[in-house]
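Here is what TrEMBL records for this protein:
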DOMAIN    607-640  domain 'EGF-like'
DISULFID  Cys611-Cys621  disulfide bond
DISULFID  Cys630-Cys639  disulfide bond
TRANSMEM  889-913  transmembrane segment
Amino acid sequence: MKTNIKKISIKSINISDEVLYDKMTDYYSLTIINVIGDTFKNGITRPLPSLIFLNIESNKLENTILKFSLIEKISNLKIEGSFIYLENDLSIDNNKLSYLKVNALNYPDFSNFEILSTVDFNFNDNFLKDSVQNVSTIPSLDSMLIRNTIPLEFNFNLCPNVKRLLVQGPLSKPRNPTENFNVDGNFPLLLAENTYFTIYNSTFNNVPSNLKRGINSLTMIYETIFLNSTLPKFTGSGFTFIYPNNNIIGTIDESWCETHLSVRNNELEGSIPSCFTCYFKDNETYLNGDVLSMFDRFLGNKFTNYDKTIECTTFEPVVTIDKSNGKNNEIILSGKDIGFNYKSWLYNDKVMNLTKTNKVGKSYTLSIDEDLSLLDFIPIHFIYPNNQTLFFPIKDKLFTISSVTSKVDNNNNLFLIQGSLFSTYKGYIKQLVQIQGIDCKINFEDFFHIDCITNQAIPIVESKFKKLTINSGSFSKSVLINITDGAINQKNCMNDCNGANGICNLYLGNCICNEYQWLGEDCSIPYHYISSVDVPTTPNGVSSFSGNFGDKHTNLSITIGNLPCDPIILISTNIITCKEPIGSGTKLAIITQNGVNASIIYNYYQAYKQCPSNCSNHGICNNQTGECKCNSLYKGFDCSILIDNGGGGLPTNSTVNENTGGTDISNQDTQFKIYFKSLVEVDFNGNPIIEYKLLDNWKSIKTNDKFIYKLTQKLNNTQCEIISNIEEIQQIDGKQFTFANLNFRLDQGSIKFSLNIVNYTYQNNLNTLRLDLISSVEQINYKDNECNEKEISIDTNNNNNNNNNLSSFNYIKISKNNKILNGRFINKVVSDGKVTFLSTTIKNDSNSIIISLNLPHCINECIIDPDFSLLVDMKSYESCSNENKREAWFLPVVIVIPTISLALLVILIFILYKRSTVLKIQIHKLKRINKKT
């Protein structure tokens with residue numbers, strides 16, 4: 001029968017079973033209340049028809065069993081008036097039930113109810129308590145409400161899709177609690193991270209404070225008895241905790257500032273933390289009114305500062321760019337007492353988009369409709385707590401000083417400074433202001449202003465202008481100002497003197513450039529320097545100078561010796577080339593531009609290279625390199641040392657000395673020492689500017705190879721780090737090396753040094769570095785050796801000043817007691833990745849030789865490469881009168897020093913602009929240096 005009836009409600013009449021089980025019309029809603037007769041005598045016994053809503057109120061269903069197979073066509077079912085049992089007899093998910101409210105005697109298995117979203121159960125004293133564990137079988141729930149009169153044991157994890165949970169009634173301690181489960185009267189529930197949970201009319205030992213909840217969660221507990229009602233510190237996580245009407249006592253700890261806390265109508269006292277009081281004027285409510293306005297959340301207690309008129313002085317927001325996702329439009333707003341309502345934070349009068357709540361009340365990620373990479377700072381208007389706009393820098397950029405006004409009052413000097421990129425508010429960035437070295441106390445500071453005052457006399461200087469310096473964070477800037485009363489310093493300099501390149505005189509409007517570093521009206525022209533020169537291999541070829549030459553080249557000229565290098569072919573910021581004049585030997589090359597001279601040693605190319613002493617007629621000369629290949633019985637750079645391969649003699653000990661950063665080599669009665677003395681910055685004329693001692697400052701770093709040592713140190717008050725690497729060559733056939741386009745091999749037992757100088761900053765662009773190395777020899781007491789009394793002999797075999805190009809190598813030979821330390825080095829240096837000539841000097845100091853390596857102006861790296869061999873001279877040995885002669889022997893100890901990364905080398909290396917020389921030095925016995933192995 002077709003009718004227009006959609007809803008049927010039957011109350012307090014006698015009806016037949018057909019009314020319940022046989023659907024005679026198209027209605028979709030049926031309500032049956034307190035019917036008369038035997039309709040529900042045996043409960044619901046037949047399948048119910050398809051209905052959207054079925055509401056039954058009857059006491060005649062008491063203790064009956066409702067099988068789910070009978071209600072599988074019902075979408076929303078509500079049964080009240082009787083407590084019934086529920087039985088899931090469905091084998092598959094083929095039901096329509098989405099809402100179920102019932103007075104239940106058990107909690108059934110809901111595992112095959114995929115669309116069920118809301119359950120609302122009342123439990124009485126006859127409830128089967130063990131069945132409550134079936135709560136976790138529900139695949140998805142938007143809302144679950146449980147009202148119980150007996151303590152329930154919840155020892156389960158609620159399904160993660162439960163969004164809202166309400167429990168009215170007592171909870172009991174679980175018999176078998178899982179890990180991290182709260183027991184003993186504490187909160188005995190395991191909740192899904194972001195569940196909205198409400199409980200009332202229960203009893204706990206303590207106020208819950210350690211719940212692990214999500215940032216989208218809500219926890220509401222009210223009208224509950226706490227045996228210990230003191231509010232503890234908050235140690236959990238979560239978003240909203242609402243604890244009204246619970247007689248909670250004590251004070252609120254600041255740890256609750258990481259939550260939306262509401263404690264209305266309790267017995268709390270003391271001061272409310274400022275994270276909450278700062279927002280008493282914010283009337284915003286949340287979650288459909290469940291979370292009250294900030295002021296109303298603390299109503300009905302005994303707080304001493306429950307007052308909307310209290311000023312907020314603790315608001316300290318911080319803004320940084322969020323670079324985690326590669327976007328250019330997101331910021332992180334964090335800090336102290338920043339509040340909970342992102343809708344009160346405006347950019348360009350618009351609410352910013354909340355991307356993520358990182359930590360409630362502490363940190364939020366927000367996005368704006370603008371590319372932040374194009375901005376230097378971002379203004380944000382905060383409606384609460386103080387209705388103010390703050391400006392936040394979003395780039396590491398030097399601040400500007402646009403004007404300084406001076407006022408004199410009762411011998412105090414007041415300075416009103418204007419500019420930009422100062423501190424967002426007082427304390428946001430640490431700032432210090434000084435006038436001619438005298439502290440100026442800051443009274444006020446914001447993004448565009450600083451007001452400060454001095455209460456002592458400013459030192460007298462020759463100029464009437466005084467130096468004002470502001471240190472703001474990691475940046476520092478100085479200007480010159482007139483400090484007379486009423487003076488206004490606001491004449492800006494061209495291009496602000498290009499930042500740190502100079503000091504602007506704000507009274508006159510002109511730049512005072514940093515001496516020996518910058519030139520020009522706006523300090524944009526650098527003092528140029530030369531780091532290397534590439535000489536041509538053919539006469540009148542192209543010479544290529546590398547360095548930093550800037551963009552301006554007024555009156556550019558180049559000379560090599562006294563001859564002009566012209567025409568000039570190429571000019572750029574880092575390379576200048578010209579046609580080399582005819583010449584030979586070693587000269588001084590000078591590049592002049594912008595009224596400044598820079599120089600470098602220039603060594604003409606020579607294809608044919610001589611060997612030292614013509615290899616003493618005991619070897620073959622390589623005229624391409626100037627290196628001797630000695631016959632089998634001779635060694636040394638000039639093949640002058642007769643050796644014996646018989647294998648006799650005592651072994652040599654090589655020890656890394658961690659104090660000196662060098663190596664000690666000893667054999668029988670003689671010990672050689674090689675170490676770094678100091679690193680010196682020198683001016684254009686070679687005068688020392690600053691010296692850094694390298695002895696006793698090394699720190700040993702463990703390596704994975706027992707034959708490699710690594711030592712480091714940092715130069716005092718600088719960012720410069722020096723790294724020394726010492727390696728002993730273990731390969732039986734030796735090891736091949738390449739340096740400055742030359743190939744050479746180190747034998748087994750060789751020791752290779754490298755010294756890296758990283759991040760050195762020059763005080764003057766015309767300055768260079770000098771590395772001082774020391775090689776000393778001392779006598780070790782050793783009996784039965786009359787040769788121990790022999791003097792030290794030092795032989796340097798270098799060509800004269802005009803012919804240093806006749807060999808690719810330079811040499812030194814130190815002799816003592818028939819032991820000979822041969823030193824050889826390539827007269828080249830790799831400066832900033834390019835090969836150029838190396839200049840060295842040598843001098844003796846009592847019992848040692850000091851070699852100074854004069855390096856070009858290297859910015860990134862310098863590399864030099866010497867090597868050393870320790871030998872026994874068979875000819876000298878045979879002339880010794882000791883009757884207990886031993887067989888002559890050869891000690892295969894070689895020390896070589898290439899380097900990596902601003903690496904300088906180590907040892908007896910030099911170029912003497914004079915003829916081969918033999919020096920005689922009398923040695924005194926020294927106390928032996930302790931060594932670490």
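Backbone N, Cα and C atoms are what each Cβ position is placed from, and that goes for glycine too.
Across the structure, Cys621 (disulfide bond) and Cys630 (disulfide bond) are spaced 9 Å apart at their Cα atoms.
Cβ environment of Cys630 (disulfide bond): Cys615, His618, Gly619, Gly636, Cys639 lie under 8 Å away, each six or more residues apart in the same chain.
Other C-beta atoms found within 10 angstroms of the C-beta of Cys639 (disulfide bond) number 24, with every protein chain shown included. When the disulfide-bonded residues Cys611, Cys621 are compared by the number of other CB atoms within 10 angstroms of each CB, Cys621 has the fewest.
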